[in-house]
Structures are given as C-alpha cells and as structure tokens.
Amino acid sequence: MDVGGVEGNHVGCAAVTWGLEEAGPEPLVKPEPMAIFAVFQTTFLLALLPLRTYESEVLSEPLPLTPESLKVSVNSTRQCLHLQWTVHSLAYHQELKMVFQIQISRFKTSNVIWVENYRTTVKRNRVLHWSWESKLPLECAAHFIRMRSMVDDARIPKPGFWSNWSSWEEADAQNSLGHDPLFVFPKDKLVEEGSNVTICYVSRIHQDNISCYMEGVQIYGEQLDRSVSAFELKNVSFIRKKGTNVFCKVDQGGALGGIVLFVSKVLEEPKDFSCETQDLKTLTCTWDPGSDTGLSKQPSQSYTLFESFSGKKTLCKHRNWCNWQVAQDSQETYNFTLVAENYLRKRSVSILFNLTQRVHPMTPYNLFPKNVGATNATMTWKVHSIGNNSTLLCQLELLAEGQVIQQHNVSIKVNGEYLLGELEPDTEYVARVRCAYTNHFWKWSELISQKFNTAEAAPSEAPDVWRNMKMVSGHPTVSLFWKPLWKVHANGKILFYNVIVENLDKPSRLEVLSIPAPTRSTELTLDQCSYQIHVTAHNSVGPSPASVIVISGDPGNEEVESGRVNGTEDGFSVSWKPQSGDATGYVVEWCDGPQDLPCVLQWKNLGPNTTSTVISSGAFRPGVRYNFRIYEISAKRMAHLLEKKAGYLEELAPSDNPQVVMSNLTSHSFTLSWKDYSTESQPGFIQGYHVYLKPKAGEQCPPAFEKTVLPEDSLCCKHTIDNPEQKTFVVENLQPESVYEFFVTAYTSVGEGPLDAFTKVTTPDEYSHILIRIILPMIFCVLIVMIICYLKRQWLKEKCYPDIPDPYKSSVLSLIKSKENPHLTIMNVNDCVPDAIEVINKPEGSKIQFLGTRKSLTETEFTKPAYIYLLPAEKDYSGPGPCICFENFTYNQAASDFASCGHFPVTPEAPPHQLGPLTSPENLLKALEQNCMNSLGGIPAGEANLTYVSQLASPTSGDKGSLPTDPPEPALCSEYKMQMAVPLGLASAAPSEQSSLSSTTLLGQGEHYR
C-alpha cells in the first residue's frame, strides 16, 4: 500500500512496462509421435524433480532482493521523472510478486516529499518502469530518488522484510539552463481550464526584490530557497487561444523572464450522437461536439468512429458529422463508438441501432400546382426512391397567412398528386410536402414549399354602410361612409363602388354614382323627400350584394337623454333599452379622436336581439372624452336616434384650472365666476370645484369653508362645490380692509387640477362705497362744468374780465338814463367845463399801459397818492363844497391803496394858493385835446400817475403839501358831470399846440351819489 506522499503522481506520465523472455529454439528433426511422447514424459519427470526441490528451497528461504541498475530521466515537457530498474537476484524461471517503496527528495536527500509503494510481478532481468509527475517544475529544484523492495508473494509464508535502500540517484534539470539571470518555469505548460498550476522562478542574482505578474496582476508565492520561489495558481481559466502571459522581473535590476501558460477548454463528451441513412447505402452520423479545445499550441480535438461488429474505424474529417459506407454483406445492426481526443484526455460515446429503423428520406422535389380555380387546386410532386421501390408516406400541408389550414397524408412510390378544395377566392396559399419511410417511421424528410394564388370571384358580402346627416342652407346633406370589405369577402381587388340614390316620393328618379376605390365616402345633397340608397362593391368578376339605407324626409327628434359609460381595459361597455319591437338592428357610432380634432367617424352594426356591446379601438386614449350615439334601425331601414353616451377610457385629473373673474367686491364679500370654463374638454367628468381661500394670519375660516393643508404644508380654507354646473360663488363673512388670496380648481373622480398661483384681493373699509357714491358724481359734475367753461371761455372772458372796457360797448350805458335827456348817452368833452383842476406830480412811477399806444410804465410803490380835483365854477355858489372823489382802481391801483378821499368846503373867494397851481380850464382842455397822448408817450416810467376824479372834486387830505392843515368839515356831495384821465405832471407842464387829446374816456351822465 501507499506509505504517503506530499505531491505528484505517476498516472499520465508513462505506462509501466517490462521485457519478456524469448522462447528457446524449436527442434530440427520431427520424431515419431509415440516415441516422442515416451521420451518427453521420461525427460519431464526427471527434470521436474530437481526443479521442485530448488523451488522449495527458494520459497522456504527467501533472499533479500535489492533493486539494481536504477536509472532516472527527466521529461521537461510533461514534468515527469521516469525510473527504470531490474532485480538480478531472482532465479532464471522464478516469478515473484514484489512491492517497491520509492522515495523522492527535493533540494537535499533529507527533504523527502514523496513516498509511494509500487506493486508488480517481477521476473529475472526484467526491466521495470515507473513515472512520477511533479507539481513543481523540475527545473526549479534538484530531485533525489531511491527505492527498496520486499517480496509480497502468498507462496512465501514467512513475513517479508525490506531490502536495503538503493543509492540516491539525482535528477537535476538546472544543469541544462543557460546563463540568464532569471528563469520562469514551466515552459509552454498545457493544462485544462479549472486546473491548479504551480510556477516558479530561478534567480541567478540572488535578490529578493523580484515580482511576478499574471496578465498584469501581481501574484504572490512562497520562497523555497535563496534563488527559487514558487507560485500556486488555482482554478485557472481560459483567456485566449494564444495563452496566458506570466512573467517575473527584478524591480531595480531590470532582468525579466516569463512563460506562456496554455489553458484549454475541457474536452466534453459528444452529445446527441445519432446515425441515419437516406438511401440505405450511406450512414451519416452527427453529434454536438461542445466547446472547441484547440489552442495555438495544440489542434482541436479529433473524432474517430469505430464499429465494433466489423472492427472497422474511420477518422472523421468534420467536428460534428461523419459518413460511413454501408457494407454490401447485408449487415443491419451496427454498434458505433465515437471517440473524442485531444492532447490531455479522451472521451467516448456509443450507439447501437438497426439500419432499416434509421431511414431519413431525402427532400421531395418538383412541387407544382395545376388546374387552379377560385376554390380548388391540384398539387403534384416527386420523391427519391429508397431501395427496391419502397413506399413512402408523404404529408401535404396547406397554409394561409402562416397558419396550417389543411393537412393530408398520401402514400406514394415515385410521383404524388392531391386535389385541394374549400379554398378562398383571390387568396395566396403555401403548399408544402414532406415524406417518411413507411416500413418504420424514423424522421420526416425536409420540407419543400410552393406558393400559389386562387382566382377571383364576385364579392360575397355587402359593404358596411352608414351615414351622417346635417343641414346646409336649409337642405339636408348626407355624408355617406362605407367600410372596405374583408379580404375573405372581397374575393378580389375592389375596383369601384356604385351608389344608387332612389327618391321614394318620386320613384321614377334615380341617380347613379360610381366612386373609384379606395375612396370610402361621398356626400349627397338632398331635398325634403325620403330617399333609399343602395351601395355595391365591384371587382373584376362582378358586384357584391347591395347595402340599403333609407334617409327620411322628416329628421325626427334628435334630442334624447345623454348618459355616461365607463371604460375598461377592453374598451367601452355600451348598453341601451329597445323602444320598439320591430327593430332590425342597431348602430353605435362614435369618433375615434378627441373632440377638438376632426371627427373620424366609426360605427358598429349589431343585430336586432342585441342590447349591449363592447366598443374597442386602438385609437382610444386615457383622458379623452368619447361620445357614443345609439341608433335603432327600423324595418324600413330608417335610423332613429335612441340614446347618447359619453365616457372616458380612463379618467384623469383636470389638466387646467378655471379662469376666475372677481367682481362685486365689498368690505365683507366678493364674487368669483368662471363661466367660460368648458367641462367637456377636460380629461374626466367634472364633479365639482374646490375654492381655496387664504385669510390673513390668525383669522378663522369663513363659515362655508373648512381648514385643509396644501401640498406645500401650508394651511388654507377650502370650500367644495359639488355641482359642476355652478360656476359662480360668493365668498362672504370677510373682514374689512383685509388681504385674502383665493384659488379655484375643478376635480374629477381621480383628483383635482394642478395647484396654481393664488390671486390676492383686499377688501375695502365699510364706508368707502358711500364715499365713492358721493365723490364720483361730484367729480362728474366738475368735469361737466370744466368742459362747458372750456367751450365758452371766450364768452366768459368778455363778460367777466375784458382786456380794456370800451365805453361804447359797455352795458352800463343801458343803465344810465338821464331824466332830463333820456337820449343822452355819452357826454362830449366840450360840454363839460371843469371849475378847477389840481395836478400833483409823483415821481414814483408804475408800469401802466395806455389804451391805444400799448406802452407800459414801471409800477413802484407809492407813498402819496395823486388826484385831480375838479372845483365848482359858479361864483355865487354858497352851498357846501364839492365832496365827490371818483377813483377807478382798475387804472390806479396805487390810489386804491389809500381808499379815502377828503372832502371839505371851498368858498368862491378862496385864494388861488389854497387851490394849488392851476391853469385855466380852457388851456387844460386845449392841452388835453392837442397833445395828451404825445405828452404821455414821452413821460418816462415812474414820472406820472393817473387818477380819476369827479368834476366837482375837492382836495383831499392825502396830499399834505398842498392841502390846508385844517380842512373844513365835509359837506354833501353834488352831482359830477365828467370823468377823465389826466396824467400827473401834465397839468403843470406848458401846453403844446401840437398835442391833442387822443385817449380820453368819457362816461355818460350817471346817477347822483350821496
């Protein structure tokens, strides 16, 4: 038995062999038989006696049999040690069973790494062989081998004992290495995927800084001595056919060494191994080879086919199939073994079969149709014969649109034929045939196929027709639609459609329209009569049956109830209640697209006993409203609207929110309205509205609202309106002068619309509306007055503030009436002779403007007013002195500032010095007439002042330099006769003859002033 070991084995390296003794020479002369027998018997008995004696001596006293002539050789390719030896101590004809104990040491004899007991039968001078495969490459270490033996034969009763050890034999592969500094082993190692491999390097430079890499990834191992390190690679995988790169290098010295490790796929056992024949002459064997184990170092696996009954074999040229010629000796049973082999291993699989049970016929040929009509065709084909006209079973299949619709079995020998019936007109078919061996079914042959088309026939069904009516300019217009016939009903290519319009009120009138295909609609303009319309489809053979529809002259009542229908994954389940018992059918119509797109009219015809149906279409989409109309078809082929339905395949939340308008804002409420919000265009049935209100912080929700939390976790007040038709809402119970935010959204059964931005509104105070009612009318009235004043601005200017009053145009003249002379309106200058005039100059001037010349003088502030005093001329005047002082403040603003005029009595005998320097009235008037305006024009600004006084004026106390210090008491005023304007300083100036009175204002005689 095995004593034990560390690594290695001897399986797979080499077979254990030994030599055989050669027989002695045969005799030259052949003696007589009996004599020969007697001689042979005597000789055999005489020779047997000493032989048995010798054998007994040897077996009873075994001698130690030491192995001799031990030789060791190294096979670097397989990494094996081959041992051979002999045992010379045996007798010449002796055979003994012996056991040899083999020891293998590495690096030194004391480092035993492998011990194995090898048993065999030994003969004298027979050479024995034994092989051992090393896991560690032999080039990386020296190996030492020795052995000893022991007799292990049952014929020797005494217990055996070991012989002496043979001397150590050294096997050192490093002696053949070159002088490179670094070596990596094993070279070009070939292993299977999943194996464990040990590599090593030998360094001549004795450095420790050596790193090894496998495909660029560093690997780590164990140092065996100063110059050798080993690395164990476990479960190596296949990377590429060119091998896996392993190299080692000195980190600093730059020395580099490497190997290529060849890892092949594991050789698999062939699968699905099978053999068959097509003509009973050649067998074809096939199999699944599995993975290819070929590498750049080794070829792919080879396959050998071996037949055990005949003992023949053949090397297959292909990886997955091989031919075998059937023997002519009528061999029927075959036992094949398929052997797969590569450099590393072998695998085999066997099969046993009868030749006649493995017949696979060849593919039929010459498959053709003949005598093809609209509903039938004859198929013909041929087959290859097998043996002596053997019978084949053929299967004929007929396919339409990829589906087998007919299948027929036909037994033939050479030619096949079969009539196919029940075909559809103008239809493409595929006929295919396959055959099998009748005696014993093994496999069908390969299929052969052939296409053919049947002839056309007249359409077998009437078109599916429907109409849509509308009024255009008071006349009914009918849009007529029809669906294309199914291929199975068209029986050929439809060329055109005939539409016959028959007036039922006037049967003699017919209108025929021919509509070319593929048009599927037409429009008819009719009158108030009833019409019957026939529609037929035509192909190259003839017309189809007619589809009839009647259009009534009375449109009837189109107002019916509208209901709802629920959608499912299969479509819309629509049901209705019949109204009459004579209905011949029902029609459900709808539009495939959304309402905002042009209608693609669809309809479905149903039988008279149907009260529900499922409407399905690939065009239906979630969130789209579809309207269905159910019509009842009467016995007269007239359609009457029965019901209306609306529904969604799947309801969604509203896509948009109402556009809300706020109105009627008060201090406690406001009104929201969204009347333009369309509920029918929404992706679901609107069930109501949510009104959200955000009051100011700390304020409670109004009574009609409830608190809620918005998605962004903010508090809000919500009111639900459960009536989708209510599109106004009054928000009440609000606080004055408060800011609120509102938002309105619709909701369906799925949810509410998107959360949009809130709209802010501020309530006014409680009295703002009253103020508005007062202020607005006032503003309106003021605007009206301003507009009137603007339009009448010229009139107002003339009436209220004229530029310079014109005495001739003044309205005062109409008020001054003289009692003595009512016709007197303006007094002439010559009619009034003043008694006295006193003119006082005032240097300070003011900017005044004279009528006529339009020249202005600079106005300054007066300290003393200047007046013109007019004294009475009567000498015998004894009454009170003049007291009237008339001042025109429009022309003398300075005079108005002193709003006083002194009045005191003046006697006729008063001296002239009391009256001041005066000129005679005649000279004054003359000066005024001649050069008044000329003198005024020459007076510088600020040197004259103008004062209007009456004719009977007296000096006032305003001029202290010319008036008496003690003025007398004022007396009663008298009537004045004239008013005139005199520039101050003109009176004291010498009159000029060229001067004239060019600007004197005269007033008519006025009333007496008291």
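Yeah, the Cβs are placed from backbone N, Cα and C, and that goes for glycine too.
According to TrEMBL:
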type: DOMAIN; residues: 363-457; note: domain 'Fibronectin type-III'
type: DOMAIN; residues: 462-557; note: domain 'Fibronectin type-III'
type: DOMAIN; residues: 654-766; note: domain 'Fibronectin type-III'
type: TRANSMEM; residues: 770-791; note: transmembrane segment
type: REGION; residues: 987-1010; note: region 'Disordered'
type: COMPBIAS; residues: 992-1010; note: compositional bias 'Low complexity'
### Message
Across the domain 'Fibronectin type-III' (462-557), what does the mean pLDDT come to, as a whole number?
### Response
89
### Message
DSSP-wise, what's the residue breakdown of the domain 'Fibronectin type-III' (363-457) into helix, strand and coil?
### Response
0 helix, 53 strand, 42 coil
#### Entry: DSSP-derived helix, strand and coil totals, residue by residue, for the domain 'Fibronectin type-III' (462-557)
4 helix, 52 strand, 40 coil
### Task
Report the DSSP secondary-structure composition of the domain 'Fibronectin type-III' (654-766) as helix, strand and coil residue counts.
0 helix, 43 strand, 70 coil
